[in-house]
């Protein structure tokens with residue numbers, strides 16, 4: 001045990017133990033770092049002061065305030081964008097076209113599972129004052145940290161390609177085919193400079209932009225919902241009555257697999273840093289967690305409704321038709337136009353506006369997440385515009401290649417989207433396992449370490465989602481992989497992949513054991529003194 005560890009424990013606040021009258025140690029989350037490792041504080045205009053009475057000390061959690069809830073509102077809605085990206089929108093429309101309303105119950109429960117993971121991400125950010133990538137940098141050995149960073153970047157690139165392509169498709173729709181997809185990719189790539197400008201203007205300006213984009217999506221898809229008039233009775237039955245057929249398993253896997261995106265797990269723990277909360281003030285931290293729970297739940301309710309609108313529209317229009325199995329993000333707008341025609345506001349362009357809002361909002365949050373991931377894992381300090389440019393370049397270069405190669409074929413873009421979904425699904429363990437490892441570690445979380453029941457629930461959800469994605473991965477490779485050499489390389493990759501997962505899980509177990517021993521030794525010392 002190091003001197004700094006002993007010092008931190010000796011200075012931890014104490015509270016009475018009601019059962020035996022003795023004093024029991026109450027660990028405060030580990031927030032301090034050595035001066036040479038401490039990161040620079042973000043600019044003042046990027047951090048909102050939510051504690052008007054900061055000098056006042058509370059013996060319990062401060063009372064609820066609508067005004068304060070408004071101050072905490074923002075990070076959850078930025079986080080919810082990942083539930084509304086073009087990849088998710090495509091999963092929604094395919095689920096509706098192939099399975100009708102029957103998978104809406106799964107969409108609801110998948111959203112709740114995603115909410116649980118995002119609340120844990122916010123919890124670790126608020127309780128420690130650091131985001132997940134920074135904590136991983138400090139807790140894991142160098143080789144594991146670099147590998148986790150690489151996996152996070154791969155997942156981010158896969159998501160970004162889908163998001164940029166989605167925006168480019170929307171621009172192509174709105175310009176009546178005048179702009180080819182590769183030109184749309186170039187236009188979309190400049191959003192990295194927009195985010196840098198808005199960051200300098202203040203966090204509320206950035207959050208205001210996302211509010212406009214989310215409202216645009218909600219209005220566009222709600223308008224389509226009203227225009228197509230899906231069956232309300234069938235919709236409620238689909239939400240309340242679980243049903244899963246053998247022909248809809250693939251779509252069901254897609255619905256569940258989209259709820260947890262690796263970069264979003266890292267992002268939310270960083271977004272909550274935009275509200276100034278002292279991690280050493282236990283009641284203040286609990287207050288912030290309460291507000292973030294309300295705000296995140298409201299944000300994901302909005303995202304659920306938008307996803308529901310999309311699924312219901314395509315269930316109404318294409319379930320049981322010959323187009324159901326061939327519909328995708330590229331041709332969905334044209335199918336809608338053929339089905340429902342024009343009018344004062346042609347549905348094709350309403351679809352294009354909603355898709356553009358989804359693509360633009362998700363690409364900006366992707367750029368934002370990339371900054372935190374790169375700076376957190378690698379401990380890099382650079383200008384925000386340069387960080388955003390580098391992060392965007394990681395995705396734009398492969399996206400340009402993809403746009404040029406796949407521009408002429410709708411079917412090839414859909415196949416590409418399947419590969420990208422697989423790529424992102426493979427990275428889920430490398431975000432979720434570190435999250436659950438850290439949030440259940442008392443050394444890191446102090447009194448905000450999750451309890452045994454919540455920990456079991458979180459691991460159950462994580463294992464379930466990883467098994468679902470494992471099924472998708474196995475099904476995809478069995479259908480696509482041919483030849484001995486390719487099969488051998490895939491097998492070797494799978495062995496390495498599983499070995500790293502086993503290492504992360506075993507590292508969790510070894511850390512839990514070591515810190516349990518540490519606490520036991522502290523209790524012995526306390527008793528002897």
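Cβ atoms are placed via backbone N, Cα and C, with glycine included.
Annotations in TrEMBL come from automatic prediction, not curation.
For the ranges 252-271, 272-291, the feature annotated in TrEMBL as transmembrane segment maps to 252-271. In this chain, the transmembrane segment (426-445) lies apart from the transmembrane segment (348-373): fewer than three C-beta pairs between them fall below 8 angstroms, excluding pairs fewer than 6 positions apart.
Ranking 146-171, 209-226, 292-315, 457-478 by CB pairs under 8 A with the transmembrane segment (103-126) puts 292-315 at the top. Ranked by the number of CB pairs under 8 Å to the transmembrane segment (348-373), the listed stretches 146-171, 209-226, 252-271, 292-315, 457-478 are led by 146-171.
Contact count against the transmembrane segment (292-315) (Cβ pairs under 8 Å) is highest for 209-226, out of 209-226, 252-271, 457-478, 484-505. With respect to Cβ pairs under 8 Å, the transmembrane segment (252-271) is most closely packed against 146-171, considering the stretches 146-171, 209-226, 484-505.
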